[in-house]
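Have a look at the structure below, then the notes.
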């Protein structure tokens, strides 16, 4: 029997296409709401054959938003919507959603450029000093701080690999590799103890291999869980110690915060794996590695500004270009974090953009270390970028107000 279609309007903002035959091609909205998350295709047309062409199944699939289903062309047998349906406002919203999904992924991947430009000059300078036999110059690079950053990158790599956010995972991988190169240079200059570098190299190698295997579905759940437990314990142990060390010598120099946090982290992991915690508690423990890594990066601007407060003359050693690159790298990831409603990612990116990148540019301007035109351009660019991200996200989701996106981010749809 030849298939025919009937268009039915629902609630004024949705259109479902119900084929009169065969009945097997009918897709109900209750089934759609149970479909798993899928990544949008970039730059391609969305197929309406079944449901394979639909993008990221989050809150866009609800009774309030576009629910595209199969539409069969009775004349040509095509599985794509009729041409005259392309003007449907619902399909228009779906197209805007798909386009912004593609653009935010590209922005996130583009963050590799400023982040690479941040680390590359340091690697080149270290190489020049090593070739010249000037090993003392490399002692100015704090290997402990670099090691902390590497651990944060490795933790966030696992977080984004688990979420299948390829572009963000590549950014973190680049951070791990570039930081490890700097640590290798410091070890060659004897500015970092060899035994620490060997241990770090082993963790980095294992971490990169496990994340790669997990991303491509080649790693068992048990092995991945053990890796997550390891980075959770490591992150929880390091974060309090870093926060405490920032305020030395105003507070006593002690390893008590780190050792205490280590004991608490081990106890939490054991309780979670032995069923001593509720389901909510297990989920909380599982989210700790990502949050601790984010908090480590969020603490960097706090530490920098505290140093600026204690030693105002030190700020003259900061480069305004370096701070601008940091602001750009973190700012490029803001639209993606907002689009996929990832509160942790957005919190870290926004914090680093405002307080590390722009905050230090503001400090440089206050002490007359950068020009007024540079500061004004950075300010206008930052405000415009955040405004664009909010506006385009609201358009993609069909909201009347950009602030609704922030509400959904915090409280859910």
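Using N, Cα and C of the backbone, Cβ positions are placed for all residues, glycine too.
As annotated by TrEMBL, transmembrane segment applies to 140-161 (among others).
For 168-188 (among others), the entry in TrEMBL reads transmembrane segment.
Within the chain carrying the transmembrane segment (194-217), a Cβ under 8 angstroms from the stretch's Cβ atoms is held by residues 143, 147, 150, 154, 157-158, 161-162, 164, 166, 169, 173, 176, 180, 183-184, 186-187, 223-224, 227, 231, all 6 or more beyond its ends. Sequence annotations record features per position, and here TrEMBL assigns transmembrane segment to 194-217 (among others).
Sequence annotations record features per position, and here TrEMBL assigns transmembrane segment to 229-248 (among others). Proximity of distant same-chain residues to the transmembrane segment (229-248), defined by a Cβ-Cβ separation under 8 Å and at least 6 residues beyond the stretch ends, is recorded for 148, 151-152, 154-155, 158, 207, 254-255, 257-262, 264-266, 269, 273, 285, 288-289, 292-293, 295-296, 299, 302-303, 306.
The annotation transmembrane segment is assigned in TrEMBL to 254-272 (among others).
Marked as transmembrane segment by TrEMBL: 284-302 (among others).
According to TrEMBL, the feature transmembrane segment maps to 314-333 (among others). Packing against the transmembrane segment (314-333) from elsewhere in the chain are residues 107-108, 110-111, 113-115, 117-118, 168, 171, 307-308, 345, 348-350, 352-353, 356-358, 360-361, 363-364, 367, 369-370, 374, 378, 382, 385-386: each is 6 or more residues past its ends and has a CB under 8 Å from a CB in it.
According to TrEMBL, the feature transmembrane segment maps to 345-367 (among others).
Summarising the annotation, TrEMBL assigns transmembrane segment to 373-391 (among others).
Long-range neighbours of the transmembrane segment (373-391) within the same chain, counting only residues 6 or more positions beyond its ends whose Cβ lies under 8 Å from a Cβ of the stretch, are 320, 324, 327, 331, 334-335, 338, 353-354, 358, 361-362, 364-365, 402-403, 405-406.
Across 140-161, 168-188, 284-302, the stretch most heavily in contact with the transmembrane segment (254-272), judged by Cβ pairs under 8 Å, is 284-302.
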